[in-house]
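To start, the structure under review is shown below, and the notes come after it.
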Amino acid sequence: MSKNYAALAQQIVAAIGGVDNVAAVTHCMTRLRFVVKDDEQVDSSTLKGLAGVLGVVRSDNQCQVIIGNTVSRAYREVVNLLPGDLRPAEPQGKAPLTLKRIGAGILDALIGTMSPLIPAIIGGSMVKLLAMILEMSGALPKGSPTLTLLALIGDGAFFFLPLMVAASAAVKFKTNMSLAIAIAGVLVHPGFIELMAKAAQGEHVEFAFIPVTAVKYTYTVIPALVMTWCLSYIERWVDRITPAVTKNFLKPMLIVLIAAPLAILLIGPLGIWIGSAISALVYTIHSYLGWLSVAIMGGLWPLLVMTGMHRVFTPTIIQTIAETGKEGMVMPSEIGANLSLGGSSLAVAWKTKNPELRQTALAAAASAILAGISEPALYGVAVRLKRPLIASLISGFICGAVAGIAGLASHSMAAPGLFTSVQFFDPANPMTIVWVFGVMALSVVLSFALTLILALRTFR
């Protein structure tokens, strides 16, 4: 059933509190992400009741409206309603600083920065997978120029990830994007990489008599993110102290002279240590619990998606794949989680007598099973009807256990689904092909059966 996105956008903006209450709006793969000036003006119950809205997530002055795979069409209509000179505004009033608020702020910064980068990361991942398939099949010989260039095309988004993070974070933190990119560019400059390689081999490297820590910044997220956050404060401070007549040349020079050395000497190494600590914590748990950690993650994944916490793992996954070539905890757990939501949606489509719900469930199932995009199934079917969610959590746990026992690992970062199953193929172990399709089939069948068993009556 076609939707009138212009009308839907008007209804959403009205429920948000009107155009005057919108400070900023962006979108990710499935959600409209509003920053509002007055949180009390948002009418969540009205938003949730709109046809075309799958769900609503609230956090402080953030309001996320889940639309599904067609979110870009709704976003365009929302933007058309907003003034052309709309600029992000600071929320009115300041709440007291608490640990909960700090945690929410960190999560919001990470999600707000990484969400716009997901298309580039997925695009690069899929090209890398294509290169791997062409090499595995013998279609292109190893070391051929075409294969090498394909690998470079796929790797570009990852190698220069600090630049993309800096650009996205500059928008999030309302600071100068060109300065953020310039400073992040220092960290991935060939000359700097060469200097860090010498430092790693024991050569003494210093800047203004201060030793420089030997670290590698390509493929990383946290250093550029923290650096850009600090830049937002440095820029405001420098703007206050520079005379108006010198701002055009003195202000950017001072910002670069302050921020770049700070990034090299302190923020960069600190960001690497934070990222490494998070990765170490996650994979220490994996090493102790083994397949059980994959099972637990598979069972919890839909709940993490509901809270937005799933994006916390993005830097860890990227860094792990960059360092080891594969990731064996989070990505395998998503196989069961995503396809279980698809299977439960198929069961709803089978069981319901409501034609509109059947159409919604079938579309959501196709999205989850084929493309690994599970939010339409999660919000449009599972959360709405409850029992399919329970069935999906149980199935996700069981299928995560099977994936963990099989030792499946992803060589890329595309959302696990039938179309992206190749990312779990291991050229050294052909049986991984059997295991991947086996886990996928089990996820759909098990969640389908569990949903029918738990359904005490026809879904309405």
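Glycine residues also receive a Cβ, built from the backbone N, Cα and C atoms like all the rest.
What TrEMBL records for this protein:
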- 6-88: domain 'PTS EIIB type-1' (DOMAIN)
- C28: active site, phosphocysteine intermediate (ACT_SITE)
- 108-460: domain 'PTS EIIC type-1' (DOMAIN)
- 109-134: transmembrane segment (TRANSMEM)
- 146-167: transmembrane segment (TRANSMEM)
- 179-197: transmembrane segment (TRANSMEM)
- 217-234: transmembrane segment (TRANSMEM)
- 254-282: transmembrane segment (TRANSMEM)
- 288-309: transmembrane segment (TRANSMEM)
- 389-413: transmembrane segment (TRANSMEM)
- 433-456: transmembrane segment (TRANSMEM)
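This prediction places the mean pLDDT of the domain 'PTS EIIC type-1' (108-460) at 90.
Taking all protein chains in view, 21 other C-beta atoms sit within 10 angstroms of the C-beta of the residue listed as 'active site, phosphocysteine intermediate'.
Helix first, then strand, then coil: DSSP counts for the domain 'PTS EIIB type-1' (6-88) stand at 33 helix, 22 strand, 28 coil.
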